[in-house]
Amino acid sequence: MANETVAKVKVDPRDAKLSMAHFFVAFSALALGGLMGLLQTLVRSGKWELPWGIDYYQVLTVHGVLLGLVLTTFFIMGFQYAAVSRTTGGHSNAARRLGWIGFWIMLIGTLMAATMILLKEASVLYTFYAPLKAHWIFYLGLTFVVVGSWIDGAAQIMTYAKWRKNNPGQPSPLLSFMAVINTVMWIVATLGVAATVLFQLLPWSLGLVDTVDVLVSRTLFWYFGHPLVYFWLLPAYMCWYAIIPKIIGGKIFSDSLARLSFILFLLFSIPVGFHHQLTEPGIDPAWKFLQVILTFMVVIPSLMTAFSLFATFERYGRSKGATGLFGWFRVLPWNDARFTVPFIGMAAFIPAGAGGIINASNQMDQVVHNTIWITGHFHLTLATSVVLTFFGISYWLIPHLTGRKLTKAMNKLAIIQAWVWFIGMTFMSGAMHFEGLLGGPRRSAFSTYGGAKQAAEWIPYQVAQAVGGSILFLGIILVLIIFVNLAFFAPKGEEEFPVAEAEDNAEKAPMVFENWKLWLGITAALILFAYTIPFIDIIQNAPPGSKGFQTWNKW
Ligand code: HAS
Ligand code: CU
């Protein structure tokens with residue numbers, strides 16, 4: 001079987017080195033970004049002020065950029081690079097070289113952007129859309145990060161293409177297929193942010209043009225911003241679909257279903273950006289409505305994922321003699337951090353996803369938009385489901401790559417870490433959701449709130465957020481201890497890179513899933529359908545003179 005002859009059990013050491021380089025950056029970002037998160041919850045509680053004239057928005061920008069953009073992109077690229085290596089038999093020298101070039105370009109870009117934020121020249125939050133304006137070096141740095149990630153991703157695509165050439169007529173290894181879908185989605189999505197940065201924000205910050213069309217730039221940003229969140233989610237789904245079944249000793253419920261759900265993400269992740277702009281003037285409600293419908297389409301692959309996970313757990317449970325509706329629950333390997341940590345993430349994704357569906361429901365979004373409810377939403381999705389899964393992956397992947405072992409003590413600490421995270425996040429995100437329903441704004445320091453009376457009813461929730469934030473910070477310290485241990489100090493040994501298999505009697509995945517011309521064609525058609533007319537509208541109806549709203553140079 002071609003599949004088995006090329007797939008190696010271990011990631012090639014040369015590939016391991018590049019993955020680890022990504023993880024060092026990712027976990028450094030976690031350390032600094034996490035500290036900024038703690039500061040924010042303390043400031044918002046109104047009981048504490050930032051010392052030395054540090055600005056709230058600067059801290060918020062460091063937090064969002066480091067955790068939302070740097071930690072994620074570096075972790076994802078490092079993980080996918082290793083997953084492709086493991087399941088295809090390793091990268092070629094050429095692909096490896098590309099990977100390193102991409103890595104360095106991303107790192108240089110990150111340092112450029114970070115420097116400008118620290119110099120207070122780029123307090124524009126992680127979404128950096130106009131009319132907030134940053135120093136041009138910040139935008140150039142971001143461009144480097146994006147271009148670097150394309151090159152990094154190209155290495156994965158190259159290795160996938162080589163595998164397919166060598167194995168004609170065979171479905172590609174599931175993890176490689178998934179990594180490539182995510183990379184392709186990322187490339188299509190980042191075209192939007194690249195366009196606004198190169199054609200609008202950079203010239204504007206360099207003083208080459210006086211004004212910028214705010215609505216165009218926000219629209220291009222959200223064309224990218226929504227698929228950005230699925231770029232974070234899909235690596236977690238890779239673990240849930242294709243790794244967790246192996247860890248618990250079960251099988252993948254359906255390889256074809258997993259592939260189909262990833263293809264649906266490619267098709268429907270991008271033409272939905274308007275669900276972040278539902279309250280924005282200047283976009284025809286009919287087109288907003290269309291994108292709301294498309295948003296509900298992209299919920300479907302997540303529902304398929306939930307179904308498939310329950311099926312995996314239940315089948316495994318039955319094979320162990322579990323009976324009844326939830327009997328499977330008790331036989332799962334709760335003492336294994338590689339399972340329990342991501343599982344807590346999965347459980348959190350049930351309320352997290354429900355919150356997303358509320359946001360996507362046009363009328364309900366009017367209640368929660370721009371409130372701290374939204375912050376609560378993405379701390380459940382990204383900062384719990386996704387990040388706990390990333391932690392869970394690190395606990396076996398780092399020792400696998402460094403030739404060490406996850407010891408019993410570290411395994412235990414990892415499980416404690418995840419429960420600490422769960423408790424901290426229940427307080428913090430829960431309180432954010434409630435405060436949001438009472439109208440508490442997002443992205444505001446205590447001192448910038450409106451009336452004191454309004455603030456009074458928010459206070460208990462803000463205190464709960466500070467309590468949760470402090471517990472979460474403790475959680476970050478624990479992760480860092482485990483990371484440093486696994487990277488440098490854990491005993492030498494072999495740690496498995498688990499890759500699950502489909503049921504024995506499963507049919508081969510249909511080859512149509514690898515028909516990239518077809519899927520990219522439909523993706524492009526959907527994007528053109530959802531965006532062409534509204535874009536023409538936005539540009540044609542821009543207020544005269546300004547070619548957009550105010551420049552708001554005071555920012
Ligand atoms: Fe979202 C805003 C809609 C998912 C992240 N989202 C945001 C922002 C971020 C974000 C960062 O429509 C703020 C951006 C900003 O700064 O302004 N979101 C959705 C919808 C989904 C969704 C419909 N979001 C995510 C994910 C994110 C993320 C995932 C990060 C990783 N979101 C919105 C909307 C807004 C928004 C609006 C704008 C709001 C506004 O007004 O600004 C869906 O994809 C969710 C689908 C999920 C499910 C759940 C499936 C459950 C599974 C788990 C099974 C568990 C098992 C374990 C088997 C349908 C797969 C069993 C356990 C037991 C204990 C039994
Ligand atoms: Cu979205």
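Cβ coordinates are placed from backbone N, Cα and C, and glycine is handled just like the others.
Keep in mind that TrEMBL annotations are predicted by a computer and have not been checked by a curator.
Feature annotations, reproduced from TrEMBL:
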- 17-555: domain 'Cytochrome oxidase subunit I profile' (DOMAIN)
- 55-77: transmembrane segment (TRANSMEM)
- 98-119: transmembrane segment (TRANSMEM)
- 134-153: transmembrane segment (TRANSMEM)
- 174-201: transmembrane segment (TRANSMEM)
- 221-244: transmembrane segment (TRANSMEM)
- 256-274: transmembrane segment (TRANSMEM)
- 286-310: transmembrane segment (TRANSMEM)
- 339-358: transmembrane segment (TRANSMEM)
- 378-398: transmembrane segment (TRANSMEM)
- 410-434: transmembrane segment (TRANSMEM)
- 466-488: transmembrane segment (TRANSMEM)
- 518-536: transmembrane segment (TRANSMEM)
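Residues 72, 75-76, 79-80, 83, 127-129, 174-175, 178-179, 181-182, 185-186, 188-193, 196, 252, 258, 261-262, 265, 269-270, 272-277, 298, 305, 308-309, 312, 339, 342-343, 345-346, 378, 381-382, 385-386, 389-390, 392-393, 498-500, 527, 531 of the same chain sit 6 or more residues outside the transmembrane segment (221-244) yet have a Cβ under 8 Å from a Cβ within it. Against the transmembrane segment (378-398), stretch 339-358 has more CB pairs under 8 A than any other of 256-274, 339-358, 518-536. Count of Cβ pairs under 8 Å against the transmembrane segment (174-201): among 134-153, 339-358, 410-434, 518-536, the largest is for 134-153.
Regional average pLDDT for the domain 'Cytochrome oxidase subunit I profile' (17-555) in the model is 92. Take the transmembrane segment (256-274) and the stretches 55-77, 134-153, 286-310, 466-488: counting Cβ pairs under 8 Å, 286-310 has the most.
Same-chain neighbours of the transmembrane segment (134-153): 69-70, 73, 77, 81, 98-99, 101-117, 119, 121-124, 128, 183, 186-187, 190, 193-194, 197-198, 201-202, 205-206, counting only residues six or more beyond its ends whose CB sits under 8 Å from a CB of the stretch. Beyond the ends of the transmembrane segment (339-358), by six or more residues, the same chain brings 236, 239-240, 244, 247-248, 296, 299, 302, 306, 309, 332-333, 364-365, 368, 373, 376-377, 380-381, 384-389, 391-393, 395, 414-415, 417-419, 421-422, 425, 433 to within a C-beta distance below 8 angstroms of the stretch.
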